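The active site, proton acceptor annotation in Swiss-Prot covers E188. As annotated by Swiss-Prot, Mg(2+) binding site applies to D50, D89, E121. If you look up Swiss-Prot, you'll see D50, S51, D89, K119 marked as 3-methyl-2-oxobutanoate binding site, on the strength of sequence analysis.
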Amino acid sequence: MSQVVQSRRLRAIDIGKRKAEGRKIIALTAYHAHTAGIVDPYCDFILVGDSLGMVMHGMESTIPVTLEMMILQAQAVIRGTEKALVVVDMPFGSYEASREQAFLNASRVLKETGAGAIKMEGGAHFAETVAFLVQRGVPVMGHIGLTPQAVNTMGGFKVQGRGPDDERRLLEDARAISEAGAFAIVLEGIVEPVARAIASSPRVTAATIGIGASAVCDGQILVLEDMLGLSERTPKFVRQFGSLRTHIEDAVKAYADEVRAGRFPADDHTYG
């Protein structure tokens, strides 16, 4: 008698298992059902990032992004995927005021979207909030280093970890967030020696996910549009694995030329 194998969506605990097994963790951002569906078979988790404010809406930073925007796009990503864990960014102003505020908004995200985890930026000062959420059933991914929501206080998008004080701070941030119960931590814009120290620390049991933090991390994440070559400008740490911007421009130009010349729609595209 044949046995039916029941597939299921990955969970936060599976990310930790990949770290324990030494398997690299693959992640990308997605904001739409169709793009999420394309990347789903290849990713361990998909991040519905607050970067959608800049990528989708042309905002200058992630600061104006609202909880409602995050929920709407996360719902789309869930509908378009079957396999990957879906993680949703908590936007600026949705978790900083108190642990209670963080739980109310995080639980709303999970209930209204069906996502499997939330991500929040911040270091050791948010460890109590992380523990509060985890103890109440909310899987949390941390995010330290270059934290875009703090761009106004950081003085811009600056590489982190240069200097002994910065190194100590980042190590303490990672240890505190991990020990509070985060299942993973995004390390963004961190110099390689510091990223290595974090990833190899016995006190950091959370999976480390790099974005501009070298190959020493347990996994990697990129903004999908950057990786595909759709963005006009990309950071140093991005490798463009495609050049879709050029292909799209060529396709749109060909379409416009065909319409102007009266060649589209042709008989094949016309109802008789």
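Including glycine, each Cβ sits where the backbone N, Cα and C put it.
Structural mapping of features recorded in Swiss-Prot.
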residue	record	contacts (Cβ under 8 Å, 6+ apart)
D50	Mg(2+) binding site	T62, V65, M70, D89, P91, F92, P148, Q149
S51	3-methyl-2-oxobutanoate binding site	T29, T62, D89, P148, V223
K119	3-methyl-2-oxobutanoate binding site	L47, G49, V87, V88, D89, M90, V140, M141, G142, H143, V186
E121	Mg(2+) binding site	G142, H143, I144, T147, P148, Q149, A150
E188	active site, proton acceptor	H143, I144, G145, L146, T147, P148, Q160, G210, I211, G212, A213
_Packing count at D89 (Mg(2+) binding site) (other Cβ atoms within 10 Å of its Cβ)_ = 29
_Mg(2+) site shell beyond D50, D89, E121, criterion: Cβ within 8 Å of Cβ centroid_ = G49, S51, T62, V65, M90, P91, F92, K119, M120, H143, P148, Q149
_Coarse DSSP state, helix versus strand versus coil, of E121 (Mg(2+) binding site)_ = coil
*asked:* Need the DSSP three-state call for D50 (Mg(2+) binding site) to compare against my parser.
replied: coil
*Cα-Cα distance maximum in Å, computed over every pair in D50, S51, D89, K119 that the record assigns to 3-methyl-2-oxobutanoate*: 12
